[in-house]
Structure formats: C-alpha cells, structure tokens
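Worksheet: the structure to be examined is printed underneath.
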C-alpha cells in the first residue's frame, strides 16, 4: 500500500439522492454473500499477510471487507461505477508529499473533519511504502538539498541505507514499526519522528492535527472508535450516479446493467 487512504474514484459530489446503504442489503437477494466474502478473504490474507493493507484500500474504492483492529457493521449496497478515470483519481488521491493543510482541505470537501483525517490516516498502521515515495524527503526536502529535519536521526540513517540515491526506488519499507498489527503504534511513531511518508509525519508537525496524533498515541481505544466513525462516514459517501455490480472488479461489465 503505497499511499494510504486513497479516496475512491466515485467520490464526486452527489447529484441525486442515492439509495440508503444498510447492513442487511443482501439478506434476501444473496443471504450468504457476507459469509462467502469473509471466508474467501480470510484464506487470502492467511496466504499473503501483506495483502491486508491492500484490503484496507477497498474502503476507498468500490468494495470493503473488515480486517483487523476494531470491528463494525458494514453498510452494504454500494455499486461499482460504470467508468473509471485515471485523471479523476490523480486529482483526488493524496500525494505522499502532501502537507497537513492540503489534506485538511481535501477531506473538508467531503465533509470529513480533522479528526476523521487523522484517525483514517491510522490505516497506515499496516502495510508498506516504496522508497520512491520518500526520496525527496531524504535528499531534497522543500528544495533544500537536505533531508526533512522532522525525521528522527536514527530512523533517517535507516532510511538512507534502505533508500540510497541511485538505488532501487521500488524497495519497500514498513509504514510503522508493527506493520502486521492494526494498533496505535503508527501514532507513537509519528510522535517519535519515525513517520515514513511526508503525508504521515506532517500530521504531527502541524499544529492543526498534532493534538489528535498525541491523543491517539496514548489511547488506542479512542483511535479505534474514531477510525470506525470515519470509516462509516466515508463509506456513506456516494456520487448518485448509475452503477452496477461488476462481474470482474477490475473492469466494468461488457453489457452494463443499471441497478
């Protein structure tokens, strides 16, 4: 997972009132849907633990399955979009270079608060990022030709070794120090100057978001509760545009059926 909470391609402002999402959406049409999905995903995650981070990204696209950490009842009934636009995606997805101010503005467009921003960033509690995403932080932060001073010295040396100039920028490193456990270690790392991405560490260096980072670093239950709240709010965002249930999640159906 190279960029965390990727906002979905269908996060355009609603044009009409979409149907209400609800936990029992498939109770009559496909009563075993949830158990089937859960069983298949459980087997897949055991086979490849690193894919847990990728599953988390589904919330920010068209599908989502619970994984790790806190639990909540998922509101079902989302439809896959009939089209996809890389340009729209690039305009919406946060950059690893993003600062707290730009992230706050982006989330505000979708009525997501500063608290939502910080808690949802906690999805970086699991997964890895590429050296490509931090080379500017290590060697030319803000055009200075120097590393980001917010990086803790010991961690900076570790990053230098793993991501040397001229090296393989596809090498991956953990987004926090417990990459296979969904916990509040991510926030503890930010407080300690060990955030991997600029868009992570900025949440601590910015006064507008720092208090939530500190709070979640000390209170894992508060983080879990805020994360669930943010995920539910984000999951309720719909474009109001026509959609479908795709036979292949990667592409729209050849014969689009509007539901």
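Even glycines carry a Cβ here, placed using N, Cα and C.
For reference, TrEMBL has these:
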type	residues	note
BINDING	94	substrate binding site
BINDING	124	heme b binding site
BINDING	176, 178, 183	Ca(2+) binding site
DISULFID	131-163	disulfide bond
DOMAIN	51-253	domain 'Plant heme peroxidase family profile'
SIGNAL	1-18	signal peptide
Comparing the Cα of residue 124 (heme b binding site) with the Cα atoms of the recorded positions 131, 163, 176, 178, 183, the shortest distance belongs to 176
With an 8 Å cut-off on Cβ distance to the 176, 178, 183 Cβ center, who else from the chain surrounds the Ca(2+) site? 125, 126, 177, 179, 181, 182, 184, 185, 186, 188, 189
Return the count of C-beta atoms lying within 10 angstroms of the C-beta of residue 131 (disulfide bond), excluding that atom itself. 18
So what pLDDT does the domain 'Plant heme peroxidase family profile' (51-253) average out to? 88
Round to a whole number and give the Cα-to-Cα distance in Å for the pair residue 94 (substrate binding site) and residue 131 (disulfide bond). 17
By the 10 Å Cβ-neighbour count, the most surrounded of the binding-site residues 94, 124, 178 is 124
Between residue 131 (disulfide bond) and residue 176 (Ca(2+) binding site), the C-alpha gap once rounded to whole angstrom: 14
So residue 176 (Ca(2+) binding site), by the Cβ count within 10 Å over all chains shown, scores 24
Measuring CB to CB from residue 163 (disulfide bond), give everything in the same chain under 8 Å that is also at least six residues away in sequence. 131, 134, 135, 138, 169, 171, 173
Within its own chain, what residues at least 6 apart in sequence put their Cβ under 8 Å from the Cβ of residue 183 (Ca(2+) binding site), listed in sequence order? 69, 125, 220
